[in-house]
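Following: one structure in structure tokens, then a few remarks.
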Amino acid sequence: MAMVDQPLYPIAVLIDELKNEDIQLRLNSIRRLSTIARALGEERTRKELIPFLSENNDDDDEVLLAMAEELGVFIPYVGGVEHANVLLPPLETLCTVEETCVRDKSVESLCRIGAQMKEQDLVEHFIPLVKRLAAGEWFTARVSSCGLFHIAYPSAPEVVKTELRAIYGQLCQDDMPMVRRSAATNLGKFAATVEAPHLKSDIMSVFEDLTQDDQDSVRLLAVEGCAALGKLLEPQDCVAHILPVIVNFSQDKSWRVRYMVANQLYELCEAVGPDPTRSELVPAYVRLLRDNEAEVRIAAAGKVTKFSRILSPELAIQHILPCVKELSSDSSQHVRSALASVIMGMAPVLGKDATIEQLLPIFLSLLKDEFPDVRLNIISKLDQVNQVIGIDLLSQSLLPAIVELAEDRHWRVRLAIIEYIPLLASQLGVGFFDDKLGALCMQWLKDKVYSIRDAAANNIKRLAEEFGPDWAMQHIIPQVLDMVTDPHYLYRMTILQAISLLAPVLGSEITSSKLLPLVINASKDRVPNIKFNVAKVLQSLIPIVDQSVVENTIRPCLVELSEDPDVDVRFFASQALQSSDQVKMSS
């Protein structure tokens, strides 16, 4: 008897848990659906579990969302693709609920199932489902249906295809803006499955209706459709149908629509080709760069380099550069920041002369901008300009500004400069570097902000790698010797960190003769934090120096520290001693 009852057990438990008041229990049981389905077997899953889920009227969105997600991967548990149609009813119900994320997940799961279904099943089960949803009384069903047409259409017979195109056209003219928005969002996907002759006749007329919609939320989604449709049409059709729409949208009364055009314009240019871009879209883009809404200018400014690449240098200088000059002194800091993040990329497009003449003054004004993000965006892209105008000109024109920024009051700007120093060093060469930037690098080791001191220590290591141990001996070690006795313990700690980073670069001999004595002296420091950092540094030096130095110098110091009154010092010292023992045993 027990054996007979056992298969009933999982579904009985599921029913109990799905009716439980505790949402977590209900959620857990939904997430275990695949386990329950395996226990029941394919046939009982089809006949009992799926119908039960179709009737389950849970009102919690979280449970419904989990169910929509689970059903999307349920084909193997119902007996494979030939039985996939049994999963459609519960998902159809979920497509009509009020919560958007549940509907979206249900549509996603239906698309996943539909993509695997056989053509016959799609015609018999999936296409009727799409029609039912599209004719749904409540707007939620109609919204969901728009996302399913691209799956249903390719398998449909010719008569049904005509019907589906007509239904989609009706959805694009639905009374509810939410339905029209969904139709506009999914138009590109649906259009990709429609045959070329119908694309021009049916889809373009539907698209034109959407572009003239009275709701700006629908029109701005139609902007995205421009790029998608542009890729499907022949170039001449694209110029005839898509180009006028883009030009109109760039002058739309709603700033949100203009913002979308500014964001998408580069993709739209690719769709319509180079000649119309020059004649029609350059004026549209210039209008967007000079838009009275800051958000539109931000989106347009962020595309300045990409757009310039499509044009010839002459056109870019003639039309785009005047706008760039205006934007560099824009009243909105966010516009200036967006411009600063891409303007360096214009240098390769315009060439050396135009960059020196026209762009350098703009770079300099942005480098001195009062808003730190603007300065940061310029600093981080300096290498793009260097490739065009060469390091001599770059250093003459921009280096004074860089030195000024090295002492910027915003620590993130100082940090960006530090991270750029090794690259500058490799480009400027050792002689120039020592004259202009050497002192700065040591100065940062005494910065008030820890992140700057940490970056400065790493910076010194990278410079030693770039210029070699001899340069480090001459320029870094003497200053490290001076700073190791600094009255402020945090600066002494930074020097210890710098020593541990420099040691692998400088090698055993310099480490033993110059750096190790500094560390040993620091072990006598009165601040416990310094002493346990000494133990850490000594541990890092053990693999670098000779074994005799470890035995004669490092171990005695660590033994002394392991008897320190401070618990942390003793801990790190004993850790270092263990490490020393391991190195000794392995050697």
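Our numbering is plain: 1 for the first residue shown, then up by one each step along the chain.
Backbone N, Cα and C define each Cβ position, glycine as well.
Per TrEMBL, the features are:
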type   : residues : note
REPEAT : 10-48    : repeat 'HEAT'
REPEAT : 164-202  : repeat 'HEAT'
REPEAT : 203-241  : repeat 'HEAT'
REPEAT : 242-280  : repeat 'HEAT'
REPEAT : 281-319  : repeat 'HEAT'
REPEAT : 320-358  : repeat 'HEAT'
DOMAIN : 352-518  : domain 'Phosphatase 2A Regulatory Subunit A helical'
REPEAT : 359-397  : repeat 'HEAT'
REPEAT : 398-436  : repeat 'HEAT'
REPEAT : 476-514  : repeat 'HEAT'
REPEAT : 515-553  : repeat 'HEAT'
REPEAT : 554-587  : repeat 'HEAT'
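Remote same-chain partners of the repeat 'HEAT' (554-587), defined as residues 6 or more beyond its termini with a Cβ less than 8 Å from a stretch Cβ, comprise 516, 520, 523, 528, 531-532, 534-536, 538-539, 541-543, 545, 547. Across the repeat 'HEAT' (554-587), DSSP helix (H, G, I), strand (E, B) and coil residues number 28 helix, 0 strand, 6 coil. With a threshold of 8 Å between CB atoms, the same-chain residues lying at least 6 positions outside the repeat 'HEAT' (515-553) that come near it are 477, 480-481, 484, 489, 492-493, 495-497, 499-500, 502-504, 506-508, 560-561, 564, 566, 568-569, 571-573, 575-576, 579-580, 583-584, 587. Residues 442, 445-446, 450, 453-454, 456-458, 460-461, 463-465, 469, 521-522, 525, 527, 529-530, 533-534, 536-537, 540-541, 544-546, 549 of the same chain, all 6+ positions outside the repeat 'HEAT' (476-514), place their C-beta atoms under 8 angstroms from a C-beta of that stretch. Within the chain carrying the repeat 'HEAT' (164-202), a Cβ under 8 angstroms from the stretch's Cβ atoms is held by residues 127, 130-131, 134-135, 139, 142-147, 149-150, 152-154, 156, 209-210, 213, 215, 217-218, 221-222, 224-225, 227-229, 232-233, 237, all 6 or more beyond its ends. Across the repeat 'HEAT' (242-280), the prediction's mean pLDDT works out to 78.
Broken down with DSSP, the repeat 'HEAT' (476-514) shows 33 helix, 0 strand, 6 coil.
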